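Engineer: Have a look at this one before I ask anything.
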Amino acid sequence: MKTSNALLFILVLLYINASTEWPTHTVCKEDNLEIYYKSCDPQQDFALSIDHCSDIATHTFNIRAAGVLGHSIKELYVKLDMIMNGKTVLTYSETLCGPGHSQLVFCGMKKGEHLYYEGPVTLGIKEIPQGDYTLSAKLTNQDHVTVACVDFTVKNYLDY
């Protein structure tokens, strides 16, 4: 009996280590707008939620995000890619933390600290592009190490 329990335990551990994909989470799902996300960082998943899907179409909306930092953030850079039908159609990058840039609440946080943000976010866009597409976001720090990586699936059929 002990041998079978030990074998089962080892198989469970091997299965967990072999699984490199995180589950797909729903950000919101309403009549004409659906947004899902999945961490593309094999080391870490995180939590993200918003109050209402329709709020995203406005300039500012409230989010809640949480995770544990796997790497310190002295400087932080974001790169966003919009992917349609397997092809990158738009790329955007920006420095979020660093010398001469605005200090966001998580700038300067250390590895292992709990990141929690609840509050407003402004996307700086007038409307969410219509259609089915993926937004891939990768955050890297001063050492060019991935701090977070996420793929958003957007299905937008809103009429503006």
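Each Cβ is built from the backbone N, Cα and C atoms, and glycine gets one as well.
The model shown is predicted, which means the values in this text are computed figures rather than measured ones.
When I checked TrEMBL for this same protein, it listed these features:
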type	residues	note
DOMAIN	37-154	domain 'MD-2-related lipid-recognition'
SIGNAL	1-20	signal peptide
Engineer: For the domain 'MD-2-related lipid-recognition' (37-154), what's the mean pLDDT in this predicted model?
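Structural biologist: Averaged over the domain 'MD-2-related lipid-recognition' (37-154), the predicted model reaches a pLDDT of 89.
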Engineer: Helix, strand, coil: count each for the residues of the domain 'MD-2-related lipid-recognition' (37-154), based on DSSP.
Structural biologist: 4 helix, 65 strand, 49 coil
